């Protein structure tokens, strides 16, 4: 099950479209979805989460809490819409393109991909590109 919660005025234009894509990605990685909760919020909401649970005091675009077991993905993904807007301007990307990348990045973390080392970053970036390509070419939706 995939749930979407909104702590901001923003709402996804088509939750079904995103859910179908996420299910596709997860199945391609030979995993299953138990429960994924996407919480869209603002910077203040997310920095409070960052402070409270991670003891960090800076803005970020996404925080993922992983409760997955074996092949069953279970997690909460908090996404700052304001940070996505900021980063889309900074990186000269369309807002929804940046949002899709952040969403799939978080899902890949739940699947088990890491991005601490350069080789891990490279692999994760390539996976993001592949799954964004599938979405863009409408192989998924």
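Positions of Cβ are set from backbone N, Cα and C atoms, glycine also.
Swiss-Prot lists 105, 109 as binding Zn(2+), and of 97, 115 the one it places in that same site is 115. Residue 105 (Zn(2+) binding site): 20 other CB atoms within 10 A of its CB, across all protein chains. Sequence-distant neighbours of residue 115 (Zn(2+) binding site) (same chain, 6+ apart, CB under 8 A from its CB) are 109, 121, 124.
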